[in-house]
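The structure under discussion appears below in the form of structure tokens.
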């Protein structure tokens, strides 16, 4: 005899297979600790740029006055875009490719993101390899870049210890000399004299190649189990840099002449605020420092539970990132002030940005301190931890994006797939380990995440607010967090953020300058190659549109475009108990009260989230009535 079938809604939780109230999709994985997500975001945003770009940008753009446009730009396009990316990821529990179920016509935006992140991951890990090289070089009693007289030094090398030991009353002309640290970097680490330019890479530097292999091995071991492993590693890599930064800060401000550097860093020059360049520089710093558009934020949020308070997390991470940048400025410029006093030159002659600061100026400053190998090791260990968690994010973004597209094939083999990606990117990065590798690194740095990234972010913002609809997006956030975004967020998403980024894009195109490294100017073919890197990520958008329209049924172009721009049938929260309102009907076999009943079984009554779901349903019914009338 057939057994009587108990209606699904009447089954008790204990008699069911699995836990219907579970917040976590088991097959995809989720953060395992409460702070995993927050620390991962902090580690991702607080990177090398906070140490080697922000302080220099502040000093060249009005000192303390630069903080005014910096925080205004943070409010206009930093915080709102950050919150938008987290909301998209958490609501859908999908990576940067699959999230475009929100509007399949624009899936090319996700493809452009993956291309950009892949190019950045190649050269970013090379920078980590340089840091590892210096880290190992610091494990000596006498730093190798401390004195002249080594085989790699030239006649132009001038040791600051010689200047100090000499008669200080006699002025020393250092304009045509080179510091030992600069020759160590260019002639020993890079061995750049073995290459005549970007078209002549020269031989592979095997010590750099081994450092690159080690950095990829570290990254792979940390992302081996996805967010379950990287989420634990960031407890160290996201917090330890702060300890070292505070140590460097205390040591820096206690040095003689430190105040001269800090004064140089923070003296406000308010006349700079009338220059449009300063505002653009502030927006660029925010844009790249927070890592919006790279897919990392969206990927991390996609591993959250549905009701995680990302609104609070947005402000913690963005403001924490800004404060870290300012603190790093004190740590850097206090040491540069001491260095300028030791050398008897103005601060602006020793201040540099980027690799020049990390691998030339700061290491030189370390040689002037007592226990110089110890401070050098600490500085490079801080750079290593700052760089690694940003690299974790890039790799997690690529792996998550592809595995979400092919979940049945790749999710069970995620560790193997991660290994394949790491090996492929390592092999592509081998050209960076050659004698002319620095030229290729500069080309990748200048073009891989330039205007292409801005186009991706602008398109994302416009699609979410215009194509998907601001009302619908705010309703999704309401369903997820229990409240709707206020007028500030809506105004930024609709007008202020896209307009600011458009201005950035136009400025970048109008003020375009060819790449250069020191006195070396890149040939035309290299410039064209760089521009093509940026254009290719933009071309992914129209290519994705063509593919999406061709996949739609219907003969008319207009019909195909309209159908492809609408959200896919399975767009919405990944777990059935979170699908309320319009999203209930989009799951086969779903019944309207079911999500509510699941929550009632779990919590023993109606919760605030069920009240939110009821409100959303009521709003939708009212809107449908208005439309029918």
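Cβ from N, Cα, C; glycine included.
TrEMBL does not curate its annotations; it predicts them automatically.
Between the listed ranges 215-232, 233-250, 251-268, TrEMBL ties the annotation transmembrane segment to 233-250. Segment annotation: TrEMBL labels region 'Disordered' over residues 1-23 (candidates 1-23, 70-92).
A contact between the transmembrane segment (530-550) and the transmembrane segment (447-468) is present, since 3 or more of their C-beta pairs, 6 or more residues apart, lie under 8 Å. Contact between the transmembrane segment (315-339) and the transmembrane segment (233-250) is supported: at least 3 Cβ pairs lie under 8 Å, counting only residues 6 or more apart in sequence. Counting Cβ pairs under 8 Å to the transmembrane segment (488-510), the top-ranked stretch among 109-136, 233-250, 282-303, 374-394, 447-468 is 447-468. The stretch from 109-136, 282-303, 374-394, 447-468 that makes the most Cβ contacts under 8 Å with the transmembrane segment (233-250) is 374-394. There are 20 other CB atoms within 10 A of the CB of residue 148 (disulfide bond), with all protein chains counted. Listed as Cβ neighbours of the transmembrane segment (447-468) (distance under 8 Å, sequence separation of 6 or more from its ends, same chain) are residues 81, 84-85, 88, 102-103, 105-106, 109, 112-113, 115-116, 119-120, 123, 287-288, 292-294, 493-494, 497-498, 501-502, 504-505, 508-509, 515, 530-531, 533-538, 541, 565, 567. Taking the Cβ of residue 390 (Na(+) binding site) as centre and 10 Å as the limit, one finds 24 other Cβ atoms among all the protein chains shown. With residue 157 (disulfide bond) as the anchor, the candidate binding-site residues are 321, 386, 389, and the one with the nearest CA is 386. A C-beta separation below 8 Å, combined with a sequence spacing of at least six in one chain, links residue 43 (Na(+) binding site) to 234, 237, 238, 389, 390, 392, 393.
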